[in-house]
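Copied straight from TrEMBL:
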type	residues	note
SIGNAL	1-16	signal peptide
DOMAIN	3-320	domain 'FAD dependent oxidoreductase'
BINDING	THR40, SER41	FAD binding site
BINDING	TYR219, ARG274, GLY304	D-dopa binding site
Amino acid sequence: MSVCVVGAGIIGLSTACILQEAEPRAQITLIAEKFSPDVTSDIAAGIIRPYADADPRKELMIKWVAKTYERVEKMALSTPEFGATVISGYDLDVAPVDPKVVWRDCLKGYRHVPKRELQDLGFYDFFQHGVFYTTFSLESSRYLPSLLKQFQQYGGTVRQQKLSSLQDLKEKYDVIVNCSGLGAGQLVNDELVRPIRGQIVRLDAPHIKHFYMFGDDHYVIPNSNTVVAGGTHQYDDWSTTIRAEDTNQVLSANYKYLPALKKSKIVKEVCGLRPGRSSVRLEREDLMIGEKATPVVHNYGHSGAGVSLHWGCAMDAAALAADSIHKPTSKI
């Protein structure tokens, strides 16, 4: 059986790797217009964190984050070349955490931060609530190439090609897995897909050891060589040009919350487009590709939560694809 995975960001690569594990006899081809270091995932801050608000289906979010956390934890211990490192820090907000959303079971060291601690750290004037936990930071410049290398080592085929629609695949594949991210808007005519422009600043700040999530908009996250200060969330903005006003806004906000950053040197300014959608689309659809009825598994629309959800979503998408291999569609 032949399977095509469309998209080589963190969602497409993880899905292709899981599918190889589930169906070692399948011939799997990964097709994408762009590969690392030129995909949106390369720009991501790279932290696994609670993302209940990324999708209204909170139970699914918890499951997908938990599966991702579990898989990355094993990778961090066994395959350091992938660039997954342990990191602890503060997730702060003006409102308390929704008591119905339980993250304690899937994030190690998860605890609520008391008022006195927030005051001692200088955060209480801005954020009256927060949690502290231990998670993982993924260095995209190492993580994505390592996933691609693993996929190829296990027999996967890679092809660079720009698709205007899934019809460009003609009738070559028995199953198609669509992990095209923002490209799904054109590829499958999904009008719910929209860009969320994100601009970040990478700083030389080795003294920052913890991550800090300042509400919904700003954050400071140490990577192996730099510290990421973010960010913007500009909906329906297709521009990837660096804007000085956005850099100033990002830095001034994070300087206010974390004055220790003020003397840090700017290493790089980066901008990318998140694949926004009201909810993740993870489902099977049977389509006519040419004259062939073909199962298509969709796995896209992760907005800014792709890093946090990738292995959990990959497992569910691969399960749908594997089921499609063994139970192909009838004629449409």
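Backbone N, Cα and C define each Cβ position, glycine as well.
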Counting only residues 6+ away from its ends, which parts of the chain sit with a Cβ under 8 Å from the signal peptide (1-16)?
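Apart from its flanks, the signal peptide (1-16) reaches 23, 25-32, 34-36, 39-41, 44, 140, 143-144, 147-148, 151, 156, 158, 163, 166, 169, 172-181, 183, 187, 299-300, 302, 306-307, 310-311, 313-314, 317-318, 321, 325.
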Indicate whether GLY304 (D-dopa binding site) is helix, strand or coil by DSSP.
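For GLY304 (D-dopa binding site) - judged by DSSP and reduced to three states - the answer is coil.
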Can you name every residue in this chain, apart from TYR219, ARG274, GLY304, with its Cβ inside 8 Å of the center of the Cβ atoms of the recorded D-dopa site?
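Neighbours within 8 Å of the Cβ centroid, excluding TYR219, ARG274, GLY304: ALA44, ALA45, ILE196, GLY198, GLY230, GLY231, HIS233, SER303, ALA305.
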How does the model score the domain 'FAD dependent oxidoreductase' (3-320) in terms of mean pLDDT?
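That stretch averages a pLDDT of 94.
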When you measure from the Cβ of TYR219 (D-dopa binding site), how many other Cβ atoms are you left with inside 10 Å?
25
Across all the protein chains here, work out how many other Cβ atoms are within 10 Å of the Cβ of GLY304 (D-dopa binding site).
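Result for GLY304 (D-dopa binding site): 19 neighbouring Cβ atoms inside 10 Å.
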Work out how many Å separate TYR219 (D-dopa binding site) and SER41 (FAD binding site) at their Cα atoms, rounded off.
17
Measuring Cα to Cα, how many Å separate GLY304 (D-dopa binding site) from SER41 (FAD binding site)?
10
Please report the distance from the Cα of SER41 (FAD binding site) to the Cα of ARG274 (D-dopa binding site), rounded to the nearest angstrom.
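Rounded to the nearest whole number, the Cα-Cα distance is 9 Å.
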I want to check the contact list for THR40 (FAD binding site): same chain, sequence separation of six or more, C-beta distance under 8 angstroms. What comes out?
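Those within reach of THR40 (FAD binding site), by Cβ under 8 Å and sequence separation of 6 or more, are GLY9, GLY181, LEU182, GLY272, LEU273, ARG274, PRO275, GLY306.
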Return the maximum Cα to Cα distance in Å (whole number) over the record's D-dopa-binding residues: TYR219, ARG274, GLY304.
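The two farthest binding residues have Cα atoms 16 Å apart.
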How many other Cβ atoms are found within 10 Å of the Cβ atom of ARG274 (D-dopa binding site), counting all protein chains shown?
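Other Cβ atoms found within 10 Å: 24.
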